[in-house]
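Feature annotations, courtesy of Swiss-Prot:
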BINDING   Gly60, Ser61, Gln62, Ser63, Thr64, Gly65, Lys66, Ser67  GTP binding site
COILED    475-504  coiled coil
COMPBIAS  683-696  compositional bias 'Acidic residues'
DOMAIN    50-300  domain 'GB1/RHD3-type G'
REGION    669-696  region 'Disordered'
REGION    825-858  region 'Disordered'
TOPO_DOM  1-742  topological domain 'Cytoplasmic'
TOPO_DOM  788-858  topological domain 'Cytoplasmic'
TRANSMEM  743-763  transmembrane segment
TRANSMEM  767-787  transmembrane segment
Amino acid sequence: MATNGHFAAIGNGSSDKTAYEHGVQVIDENKEFNANLSKYLTLEDVTPAGFNYHLISVFGSQSTGKSTLLNHLFGTQFSVMSELERRQTTKGIWMSKNKNGGDSSMADNILVMDVEGTDGRERGEDQDFERKSALFALATSEVLIVNIWEHQVGLYQGANMGLLKTVFEVNMQLFLKDRATSHRSLLFFVIRDFVGNTPLQNLQRTLMEDMSRLWDSISKPAGLEHSSVHDYFDFQFYGLPHKSYQPEQFVAETKKLSLRFREGQKDPSLDARKGEFSDGGVFLPEYHRRIPADGFSHYAEGIWDQIVNNKDLDLPTQQELLAQFRCDEILREVMVAFDEAIVPFEDKQSQAARLGEPEILGGLGAAMRASRSKAFKSFETEASRYHKGVYQRKRAELESKIDTRLKALFQGQLDATHKSGITEFSEAVSGAVKAGQKKGTGYDFAEIVNEEVTKAVQKFKEVAHETAVEGAAWSDSQQQLALYEKELAEVSARLRREEMRRLASRVERWVQSRLGESVGLEFNALGSGRAGGGAPEEGEKPTEKKFWDRVWNVFVETVLDAERRFTDRASSFDASLEEVDVGLWRLRRKSWGVLRAKIDEEMVEGNLLLKLRENFEDKFRYDDAGVPRIWRPTDDIEGIYTRARESTLTLIPLLSRFRLAETSAPPPLDRWVGHTPSSATAADEEDLPPIGGVDEEEGKSLEEEMTILSESKRQELTVRFKKAADGVYVEAKRSAIGGMTQVPLYFYGILLALGWNEIVAVLRNPAYFFLLFVCLVAGYVTYQLNLWGPIMKMTEAASNQALVEGKKRLREFLESSDTGRQAIAMSTAGGAGRGEQVEMSRLNKQGKTTAEDEDGDL
């Protein structure tokens, strides 16, 4: 606390409102500026007022009642001089807000500065503070109240002519720095102790003559020599009665005077040069310094810093510096609110990017639009009152900062939509294809792809539209949409290629199954070389010569059928002709590989030897009609054997090379496979085995490709077959020789002589004869039905079963009696003794064991 009670002096950092109840000290007597001025303005609700505030300063000699005048006009509580002591009361510059603000006739937010009086004995000859305070008041205030007594009008010191000359000089100093703008101020002369003997108009004329004389006496820069005081100042005058002698009139007149502190408009019909002055509102728009209330404290501090350091005061520069400071401050405040809304989305997006899991952020677009609009609106509301150039520059900076971050979020949202859309598209297409396959019904792959592409593009557009910020150039998503559609097309093509690969695989498996069955039948037919077997029913010549023709025809027909299947199915994929050509080309190559693998499987040495033996046995053991041969000694076994063996041996050179009987040349595999399509890629060829005669880089000819058995294999196979055939021949010879054993004829004569009596007895006895007849008929029927073998086997099985059952019943009988159990026990004990293990020893030639021989050597 200082001179004024309940005024916050410099150094009082209290935030208690009672400390600022009556006002605040702006500058103390030591020329120190109060940094808490902004706190006072905030407590008085002046800070949010923008330009809706007014600043008044009062000048006058010390102890002339300046503070008293302000207290009556504005209801303030500035300290006044004690009647008992004639000494300085106001030190420095003090400020208070109008306390009569409830009167609607007065302007809002009137700030009053009580300036230290001049010509005081405390400062004496030191006029430095007087000049600095005048310059400060002129740079900040709209209205300068000059408080003088009536009897001082016409005097130089008493009428504050020295102070007014200082005001004119500092105003010219300010004007020189900003010639583009004419800073006008109002000098309001309040004539105290006005008794009316001298008319107010005469006092006005005297004061104006003094003003003109003072203006003419100051030095002016080039070009302003003939300027007038009216070019920079307006004047108003008012007389007040004596406070002590006419207290009631004084209060009434101050009340009336206070009503003039309101907004007004300049009356163009009045001419101050003719002594015509306004008696309306004192706050004209041209008086306002256009400093927003929230920046006034910083502006005033900058002005005072320039003044107290004796630097040339440059108001435009100070306004720009203030604008720079306040715009930066407002920008930071706006960005804090912006961060609260946007940082959570940035964190989510960056975390999703780190995890590699793109996430579409819900509500991002609304948050971006709301935060951007709120930030710009808040900045515009608070900062647009400052220097236009600085405001526009800082607004562009704010827009750049906000849009840079929002653009990153927008791009991240589109990227997440892009990546997740591609993944979902692939999964949706694959799922639809699998569902169609499980149902077993046909599905249109092209229709599935087109439908999913439409869904994916629609979702991308919806997310882009929801996230877009109207008016922001960076929120145009057409380029990203084009890239998205391009990648969708690439993924569609890749999925189509994969589906065609799967289709080709299914067709290849079908070809493999069909060829495995058809070619297997042809090889199985090699086991029968007679007519009616593997050969046609007509003709006697074996069909082995056209074996490869039949294999090739089956192969070509199967592949043609597969190609039709492939082409029909590929048409539903919306595949291009080039893709279909590549698929058919791959199918033919893969099919040849399947055929060759099947041939190699059938031509394995063991399988082929078995086929040759079966072919030989079929020709050797069966006649041309297919009837099995019963070898007799009179048969030409050697001739049949030779013909069958030689016929079978002709198969080995036939099977060793894939040749067509019609052309005696390999099949046209190179023409059948065709040239590599121009649209085929390296990926299309990497899994294809090389084919001799088709792939030049393979280095194998078509003849080599068609070679099934090498020369060494043929010779080895021939030798092994001949050995097998020889075994069959030896077996046939043994069978023929074994059939030569017969019963001698004389044996039947002996049998007849010795058994004649029995024969006669049987023939004479009807019962025996009938029984013999029945037995002969039964034997004949059994023979004709070829049932002797089964009957013998059944008899043997029945006898064995009867033996087992008899043993079982005997054991049960023995176990049921004590004697039997003892016999079984003795048998078991004896068997156990006889079952004792004895180690066997190896004997040498002399009949001795090895151990005995070694003992003998020792």
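If you go along the chain as it appears here, the first residue is 1 and each next one adds 1.
In case you wondered, yes, glycine gets a Cβ from its N, Cα and C as well.
For the transmembrane segment (743-763), same-chain residues at least 6 beyond its ends with a Cβ under 8 Å from one of its own Cβ atoms are 769, 772. Other Cβ atoms within 10 Å of the Cβ of Gln62 (GTP binding site), summed over all protein chains shown, number 19. With a 10 A radius on its CB, Gly65 (GTP binding site) counts 21 other CB atoms from all the protein chains. Long-range neighbours of the coiled coil (475-504) within the same chain, counting only residues 6 or more positions beyond its ends whose Cβ lies under 8 Å from a Cβ of the stretch, are 407, 410-411, 414, 417-418, 421-422, 425-426, 429-430, 433, 445, 449, 453, 456-457, 460-461, 464, 467-469, 566, 569-570, 573-575, 579, 583, 586-587, 590.
The binding-site residues listed here are Ser63, Thr64; among them, Thr64 has the most other Cβ atoms within 10 Å of its own Cβ. The Cβ of Ser67 (GTP binding site) has 26 neighbouring Cβ atoms from other residues within 10 Å, across all protein chains displayed. Summarising the environment of Lys66 (GTP binding site), the number of other Cβ atoms within 10 Å of its Cβ, over all protein chains shown, is 27. Here the region 'Disordered' (669-696) has, by DSSP, the following mix of helix, strand and coil residues: 10 helix, 0 strand, 18 coil. In the predicted model, residues of the domain 'GB1/RHD3-type G' (50-300) average a pLDDT of 82.
Most buried of the binding-site residues Gly60, Ser61, judged by other Cβ atoms within 10 Å, is Gly60.
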